[in-house]
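Novice: Pasting a structure here, questions to come.
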């Protein structure tokens, strides 16, 4: 029976497209059973038992029609000059990395490099002083600062630059910069003291050194006496502090207008009681200061010597002397009988306030030339010219121990200075407008200030902050004064035409003193019998 040639089975095994096999010598065709061709499709001969392939073929693998075309400059694993593929075999180079995977790998590598760089930078020694950081950046040829860069950011930038130089192997450049820096430091070792800028410190003559030593000796004795008295009042069972304070506040609350006197044909600018309370000194914009006997308020003498308006007057706490300040840029020392003793000249602008040191040996003046000065009463010599305010200095007050002085001015700042060293030890910020008056409490640790923001602030020198804010007046406060014996109350004067008394214990209002028909420019409290003049 004949078999159609078209339906004869293939003599070789069916192989996927693109693959080749090697025929064997003993292979024979397998005859299918005789069935009608229309019913039974042709069958595929089974694979030989062992067929050695040219290349290993995976057990199950879909046919590879054509490798993908390289994209974005990717290079195939096999470098060939032919434009056609040799065959469809799968190799490692034919598995292409997607663009997303490549970007992820690049980010990972970059993050790893940054981590290593940060670890290297953390091991480097970087100066903490900002000036040293700027110097090192300059020596490395980098900008010493960038726009908006802060100190810590600048230091971190230096750290990363040093780490980068270290990673690039540029140790010579780094070491050279270090050597130059060390050489510069060693060369300027003798000039270190000159480079240090102590804030607001002015060198003075030998007389100033002697004055500082004298002030230190005086303040130690006064401070010891004050502390001993405070301990005695605290520990003595017979001392009733609250009852004593209540008595003083009742005396202040009973204040009444005793008399009214025309002091001058121009407005009065200052007033001060003598140490025994028997004399009262006033000064006016006419440039004349006057002495009045108390309590009758009769005129004793007129002190004429200033060529411009007088701005302040004060009595010495230990002598029968008084001093006046004027817009003619001078301060003058007078005796109680009205004779002129000394003139203190040196300020470059008009004077504002004046105050005696508790020892009575020194005089402090403030001026619109942005300085305050310390003078020797005996010699008339200027001992200290002190800067420190950005605007005019107006008020001045000495601590009762004599160790500290407070200055306040139109820059809304109050500074506390140590007279024994010349240093500014406190800068009290809180007022939003110029500060015009300051006063230390006899307790040694409270300071009262008042200014154009209509408030009186109580500062605690121990805590270095404001304890109380007293909304004292409806207009600016021209002066504040603590009661000079114990500080049981304080008085504020204001341009709202009143003066007010406040408790020194809780700073509550005690008494309002109306009566003036214009601005109240100054006030003082007598140490003898709690009299008050405004």
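Yeah, the Cβs are placed from backbone N, Cα and C, and that goes for glycine too.
Pulled these from TrEMBL:
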- 1-95: region 'Disordered' (REGION)
- 30-70: compositional bias 'Pro residues' (COMPBIAS)
- 76-89: compositional bias 'Basic and acidic residues' (COMPBIAS)
- 128-181: domain 'Pre-mRNA processing factor 4 (PRP4)-like' (DOMAIN)
- 303-335: repeat 'WD' (REPEAT)
- 344-385: repeat 'WD' (REPEAT)
- 386-427: repeat 'WD' (REPEAT)
- 428-469: repeat 'WD' (REPEAT)
- 470-512: repeat 'WD' (REPEAT)
Novice: Taking residues 6+ outside the repeat 'WD' (303-335), which of them lie with a CB under 8 Å of any CB in it?
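Specialist: Distal contacts: 266, 269-275, 279, 281-291, 341-345, 347-356, 358-360, 363, 365, 367, 375, 377, 380, 522.
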Novice: Give the nonlocal contacts of the repeat 'WD' (386-427) in its own chain as ranges (CB under 8 Å, at least six residues past its ends).
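Specialist: Distant Cβ neighbours of the repeat 'WD' (386-427) are 198-202, 204, 212, 215-216, 218-219, 222-223, 226, 349, 352-359, 364-374, 433-440, 442, 444, 447, 449, 451, 459, 461, 464, 479.
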Novice: Could you give me the DSSP helix, strand and coil counts for the repeat 'WD' (428-469)?
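Specialist: With helix first, then strand, then coil, the repeat 'WD' (428-469) has 0 helix, 24 strand, 18 coil.
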Novice: Do you know the DSSP helix, strand and coil residue counts for the repeat 'WD' (303-335)?
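Specialist: Per DSSP, the residues of the repeat 'WD' (303-335) fall into 0 helix, 20 strand, 13 coil.
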Novice: So, by DSSP, how many helix, strand and coil residues make up the repeat 'WD' (470-512)?
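Specialist: Result for the repeat 'WD' (470-512), in helix, strand, coil order: 0 helix, 22 strand, 21 coil.
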Novice: Between 0 and 100, where does the mean pLDDT of the domain 'Pre-mRNA processing factor 4 (PRP4)-like' (128-181) sit?
Specialist: 78
Novice: Per DSSP, what is the residue tally for the repeat 'WD' (344-385) in helix, strand and coil?
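Specialist: So the repeat 'WD' (344-385) is made up of 0 helix, 23 strand, 19 coil.
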Novice: What does the DSSP secondary structure composition of the domain 'Pre-mRNA processing factor 4 (PRP4)-like' (128-181) look like, as residue counts for helix, strand and coil?
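Specialist: Per DSSP, the residues of the domain 'Pre-mRNA processing factor 4 (PRP4)-like' (128-181) fall into 38 helix, 0 strand, 16 coil.
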